[in-house]
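Contents: one structure, followed by commentary.
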Amino acid sequence: MGDLEKGAATHGAGCFAKIKVFLMALTCAYVSKSLSGTFMSSMLTQIERQFGIPTAIVGFINGSFEIGNLLLIIFVSYFGMKLHRPIVIGVGCAVMGLGCFIISLPHFLMGRYEYETTILPTSNLSSNSFLCMENQTQTLNPAQDPAECVKEVKSLMWIYVLVGNIIRGIGETPIMPLGVSYIENFAKSENSPLYIGILETGKMIGPIFGLLLGSFCASIYVDTGSVNTDDLTITPTDIRWVGAWWIGFLVCAGVNILISIPFFFFPKTLPKEGLQENVDGTENAKEESTEKRPRKKNRGITKDFFPFLKSPVLQPDLHAVHPYKVLQVNAFNIYFSFLPKYLENQYGKSTAEVIFLMGVYNLPAICIGYLIAGFMMKKFKITVKTAAFLAFCLSLSEYSFGFCNFLITCDNVPVAGLTNSYERDQKPLYLENNVLADCNTRCSCLTKTWDPVCGDNGLAYMSACLAGCEKSVGTGTNMVFHNCSCIQSPGNSSAVLGLCNKGPECTNKLQYLLILSGFLSILYSFAAIPGYMVFLRCIKSEEKSLGIGIHAFCIRVFAGIPAPIYFGALIDRTCLHWGTQKCGAPGACRMYDINSFRRIYLGMSAALRGSSYLPAFVIVILTRKFSLPGKINSSEMEIAEMKLTEKESQCTDVHRNPKFKNDGELKTKL
């Protein structure tokens with residue numbers, strides 16, 4: 001019975017004692033972590049509107065994930081090598097799930113979302129205070145004492161999102177450094193690029209599901225089930241619309257916890273891929289005995305930490321890699337974190353539509369590119385020198401084509417008092433006193449309220465009152481306003497709720513932009529895999545996990561944390577009109593100067609990426625002049641293969657020779 005149980009246990013362990021099974025589990029972890037991260041990025045505008053906070057704070061929330069990573073990355077990368085790496089990864093996935101759950105809590109702890117409006121949900125002529133009426137002062141619906149602003153439940157609820165994102169970052173910490181080093185240690189060197197390509201593909205599959213989930217959640221009203229959506233006076237294209245962001249985070253929490261389970265069944269070490277089973281046993285025994293040596297002394301692990309830390313930090317080969325990646329990640333963090341906001345404001349689309357289009361055009365192209373790049377590196381056994389040169393050329397080509405984005409633009413929606421005068425003349429700046437004109441001074445309108453209507457003349461107005469409208473017909477989003485004194489048109493001088501559409505020409509430009517973006521995504525993914533392999537080969541095998549950790553540390557300190565914060569502050573400077581909360585305090589931005597937004601958004605990304613190619617060129621030179629620690633030249637490879645063949649033939653002879661009666665003699669011979 002004991003032998004049967006031992007055999008069953010061995011068989012069970014054997015199912016998980018394979019590098020490809022671990023690769024599959026790690027790919028799922030990459031999918032889950034990128035699913036959560038992409039969904040978070042896609043919901044930034046929803047969080048901004050839900051809590052009425054500026055973009056700078058939203059950028060801080062986005063960067064808080066990197067803060068969580070930063071707290072543990074180096075220690076996990078080093079001490080994780082001494083511990084059971086798969087189990088540490090499993091715990092990390094579970095912690096990510098906890099973080100996602102905490103992010104969703106504010107929805108259950110605060111009241112319903114009340115957007116800024118003076119319009120009642122039903123057309124009641126006795127209560128049409130939102131229309132142009134002489135000798136009557138408008139108020140937001142409902143009104144509160146401004147002193148109550150700080151007491152609003154939602155005023156600090158965004159801190160839950162901040163803390164949850166930090167915890168999510170802590171949980172994500174061990175996945176990349178420990179997972180990649182685990183694969184690098186036990187995979188064939190020629191298979192490593194393909195495996196890394198599969199991981200990177202998993203990292204792109206996650207965003208596909210994340211964007212689809214984000215698109216679905218953004219199309220559902222945040223308080224669905226507790227409000228009658230027919231009474232809403234806003235649509236998904238309205239900048240005040242908030243989608244059901246909390247649903248997606250609950251889904252992400254469940255996925256992360258489920259993905260964590262398989263990692264608790266993997267062994268601490270795996271057989272080296274490509275070696276015979278008997279040789280594997282010998283090598284693994286050596287590895288295990290080596291790993292157990294430091295445990296003879298309690299302080300053995302911590303004693304060597306700081307001396308060990310110096311090696312990758314002071315390694316000359318990595319000096320050019322760090323600034324290159326920091327500049328690149330700054331640019332990409334800015335570009336992808338604020339891409340939904342840019343497309344919404346530039347092309348006048350809803351969050352749900354923008355997120356869906358991003359997933360359709362960009363991510364499949366990146367996935368295909370990752371797989372092809374990994375396969376080509378394995379197929380042609382591309383050297384480190386060639387990989388560095390190839391990555392440099394492809395990345396530079398993608399960067400050059402990216403300047404076409406500056407040409408595919410749309411103008412601001414014309415809004416009287418903001419971008420245009422009431423006579424339709426364009427104005428360079430927004431001045432608060434310009435929102436009033438001779439046609440609406442008698443109406444006693446609120447000048448800060450954002451209840452936009454689109455007139456028959458193609459000009460939008462900040463509210464029906466500011467358009468001089470005196471009558472309304474219909475309910476909800478079907479409400480129509482008549483007798484509008486500020487609307488000069490040959491027709492009925494009427495207006496409908498919402499901003500004016502940007503027209504089919506702008507929609508066509510969005511299609512051109514997305515096609516260009518898909519093409520650039522393919523070039524980017526072709527360059528990413530060889531570039532990442534150059535980085536891995538710059539690190540000694542025994543320092544790989546710590547080297548990856550230090551690299552991630554540098555990226556988080558100088559790119560992941562500051563980029564969304566400083567760029568969010570720059571975006572706030574392009575705001576033309578800030579929203580107003582119930583109590584009168586400023587809320588989220590309602591309209592941006594899209595021309596300034598475009599120059600900052602595209603210009604900052606281009607400047608950061610352009611400056612990154614100087615250290616990239618240095619990397620190409622270094623790989624040609626110096627022998628990298630992770631590189632194996634052809635002669636060494638031939639000698640290793642000859643030794644392996646000789647050992648395998650000895651192993652075969654030993655099995656055929658009857659004079660070896662036990663395993664001890666067999667191991668002695670080997």
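The count begins at 1 with the first shown residue.
In case you wondered, yes, glycine gets a Cβ from its N, Cα and C as well.
From a predicted model like this one, the values you see are computed outputs, not experimental measurements.
Per Swiss-Prot, the feature compositional bias 'Basic and acidic residues' maps to 283-292.
Under the heading disulfide bond, Swiss-Prot lists Cys439-Cys469 (among others). Of all Cβ atoms in the protein chains displayed, 29 besides its own lie within 10 Å of the Cβ of Cys469 (disulfide bond).
Annotation source Swiss-Prot lists disulfide bond at Cys445-Cys465 (among others). Secondary structure at Cys465 (disulfide bond), as computed by DSSP, is coil.
For Cys454-Cys486 (among others), the entry in Swiss-Prot reads disulfide bond. With a cut-off of 8 Å between CB atoms and residues at least 6 apart in sequence, the same chain places Ala460, Ala495, Val496, Leu497, Gly498, Leu499, Cys500, Asn501 near Cys454 (disulfide bond), listed in sequence order.
The feature domain 'Kazal-like' is assigned by Swiss-Prot to 433-488, with sequence analysis given as support.
According to Swiss-Prot, the feature N-linked glycosylation site maps to Asn124 (among others), an assignment based on sequence analysis.
Summarising the annotation, Swiss-Prot assigns N-linked glycosylation site to Asn135 (among others).
Long-range Cβ proximity for Asn483 (N-linked glycosylation site), meaning a same-chain Cβ under 8 A and a gap of 6 or more residues, is found for Cys469, Glu470, Lys471, Ser493. Look at Asn483 (N-linked glycosylation site): DSSP puts it in coil. Feature annotation from Swiss-Prot assigns N-linked glycosylation site to Asn483 (among others); the stated evidence is sequence analysis.
The local packing around Asn492 (N-linked glycosylation site), expressed as other Cβ atoms within 10 Å of its Cβ over all shown chains, amounts to 12. The DSSP secondary structure for Asn492 (N-linked glycosylation site) is coil. For Asn492 (among others), the entry in Swiss-Prot reads N-linked glycosylation site.
The region 'Disordered' annotation in Swiss-Prot covers 277-296.
Here Swiss-Prot flags 41-59 (among others) as topological domain 'Extracellular'. Outside the topological domain 'Extracellular' (41-59) by six or more residues, the chain places 106, 113, 115, 154-155, 157-158, 161, 210-211, 214-215, 217-218, 222, 239-243, 245, 248, 336-338, 340-341, 344, 351, 355, 563-569, 571-572, 579, 581, 585, 587-589 with a CB less than 8 A from a CB of the stretch.
Residues annotated as topological domain 'Cytoplasmic' in Swiss-Prot, with sequence analysis given as evidence: 81-86 (among others). Averaged over the topological domain 'Cytoplasmic' (81-86), the predicted model reaches a pLDDT of 82.
If you look up Swiss-Prot, you'll see 112-155 (among others) marked as topological domain 'Extracellular', on the strength of sequence analysis.
Residues or ranges marked as topological domain 'Cytoplasmic' in Swiss-Prot: 185-203 (among others).
Under the heading topological domain 'Extracellular', Swiss-Prot lists 225-242 (among others). Same-chain residues lying 6 or more positions outside the topological domain 'Extracellular' (225-242) and placing a CB less than 8 Å from one of its CB atoms are 46, 49-50, 112-113, 115-117, 119, 121-122, 218-219, 344, 348-353, 450-451, 475-477, 479, 497-499, 579, 590-591.
According to Swiss-Prot, the feature topological domain 'Cytoplasmic' maps to 268-311 (among others).
Cys454 (disulfide bond) falls within a strand when secondary structure is assigned with DSSP. Over all protein chains present, the Cβ of Cys465 (disulfide bond) has 31 other Cβ atoms lying within 10 Å.
Just so you know, of the disulfide-bonded residues Cys439, Cys445, Cys486, the Cβ with the fewest other Cβ atoms around it within 10 Å is the one at Cys439. Packing against the transmembrane segment (204-224) from elsewhere in the chain are residues 30-39, 42-43, 46, 50, 107, 112-113, 232, 236, 241-248, 251-252, 350-353, 355-356, 358-359, 363-364, 366-367, 370, 525: each is 6 or more residues past its ends and has a CB under 8 Å from a CB in it.
The DSSP secondary structure for Cys439 (disulfide bond) is coil. Tallying C-beta pairs under 8 angstroms between the transmembrane segment (514-536) and each of 21-40, 60-80, 354-377, 546-571, 606-623 places 354-377 first. Cα to Cα, Asn492 (N-linked glycosylation site) and Cys486 (disulfide bond) are separated by 12 Å.
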